[in-house]
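Engineer: Pulled these features from Swiss-Prot for this protein:
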type     : residues                                            : note
ACT_SITE : C160                                                : active site, nucleophile
BINDING  : R22, R180, S181, C182, D183, N191, H221, I222, Y223 : dUMP binding site
BINDING  : D183, S282                                          : (6R)-5,10-methylene-5,6,7,8-tetrahydrofolate binding site
Amino acid sequence: MKQYLELCRRIVSEGEWVANERTGKHCLTVINADLEYDVANNQFPLITTRKSYWKAAIAEFLGYIRGYDNAADFRALGTKTWDANANENAAWLANPHRRGVDDMGRVYGVQGRAWRKPNGETIDQLRKIVNNLTKGIDDRGEILTFFNPGEFDLGCLRPCMHTHTFSLVGDTLHLTSYQRSCDVPLGLNFNQIQVFTFLALMAQITGKKAGKAYHKIVNAHIYEDQLELMRDVQLKREPFPLPKLEINPDIKTLEDLETWVTMDDFKVVGYQSHEPIKYPFSV
């Protein structure tokens with residue numbers, strides 16, 4: 001929690017106002033933020049200065065792992081995070097590539113599981129990484145990226161947290177995740193959970209020990225209509241100790257994640273929090 005609160009205070013005290021064309025709002029912005037999560041000791045980075053709904057964050061990333069491209073599939077997992085971008089984004093609604101209600105296009109997990117080659121074939125980036133790590137191989141290119149500029153026009157949203165690099169040192173697995181843009185009051189809450197859980201899951205299904213997860217954010221910002229709640233409410237609260245994340249030990253393969261895993265296979269233990277804060281969301 002300390003590093004999260006320090007970033008929030010840094011934005012409030014040092015940030016500069018930047019106009020955002022997509023949302024029509026101004027953002028208080030800082031450039032470059034680095035966070036670390038201790039996955040080895042299960043220090044689950046769940047925000048405690050407001051109630052955090054962690055299941056939706058894990059459900060969303062599970063949808064990425066499965067390569068989902070439809071908001072209805074994400075809802076079935078337990079998260080509505082793609083409803084607005086799939087169905088209320090004006091630019092996407094006018095895009096001729098949109099295939100109807102709930103279609104997200106070729107975003108996130110689609111790129112991770114079915115990146116298109118020039119000859120029409122696809123590359124399953126995640127499968128390659130899992131196969132290598134399971135064999136104890138780190139070719140220094142165990143990289144999963146959702147960032148495909150050639151297909152930005154085929155999706156409703158460019159990826160924010162776009163690239164994940166795995167590093168194997170002995171039998172300990174580490175993760176470095178890169179994020180181009182972060183809505184700190186709303187998005188970072190989700191993204192921290194996802195980075196931590198992704199490393200924990202990948203270590204579990206490849207038979208490795210989880211180490212540290214490193215989370216690099218380029219543009220960290222607070223929207224103008226979020227600033228008062230952050231400055232005058234959330235930053236006035238004292239944080240509680242971090243909880244633990246328990247993952248069903250029966251999850252042993254990528255196929256398990258693709259097929260039968262649900263939110264019932266995850267449990268957070270020892271979570272204490274302050275009251276919820278309803279921050280505005282910008283589509």
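Even glycines carry a Cβ here, placed using N, Cα and C.
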Engineer: For D183 (dUMP binding site) and S282 ((6R)-5,10-methylene-5,6,7,8-tetrahydrofolate binding site), what Cα-Cα distance in Å is obtained after rounding to a whole number?
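Structural biologist: Here the two Cα atoms are 9 Å apart.
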Engineer: In sequence order, which residues at least six apart in the same chain have a CB under 8 Å from the CB of S282 ((6R)-5,10-methylene-5,6,7,8-tetrahydrofolate binding site)?
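Structural biologist: N20, T23, K25, D183, Y223 - these are the non-local Cβ neighbours of S282 ((6R)-5,10-methylene-5,6,7,8-tetrahydrofolate binding site), listed in sequence order.
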Engineer: Of all the binding-site residues here, R22, H221, which one's CB has the most other CB atoms within 10 A?
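Structural biologist: Most Cβ neighbours within 10 Å: H221.
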Engineer: Quick one: pull the CA-CA distance for H221 (dUMP binding site) versus the residue listed as 'active site, nucleophile', whole Å only.
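Structural biologist: Counting only the Cα atoms, the answer is 13 Å.
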Engineer: Would you mind reading off the Cα separation of R22 (dUMP binding site) from C160 (active site, nucleophile), to the nearest angstrom?
Structural biologist: 14
Engineer: Provide, as an integer number of angstrom, the distance between the C-alpha atoms of S181 (dUMP binding site) and the residue listed as 'active site, nucleophile'.
Structural biologist: 5
Engineer: How big is the dUMP site in terms of the longest C-alpha to C-alpha distance among R22, R180, S181, C182, D183, N191, H221, I222, Y223, in angstrom?
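Structural biologist: Between the outermost Cα atoms of R22, R180, S181, C182, D183, N191, H221, I222, Y223, the distance is 21 Å.
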Engineer: Near the residue listed as 'active site, nucleophile', which residues of its chain come within a Cβ-Cβ distance under 8 Å, counting only those 6 or more away in sequence?
Structural biologist: Q179, R180, S181, C182, G187, N191
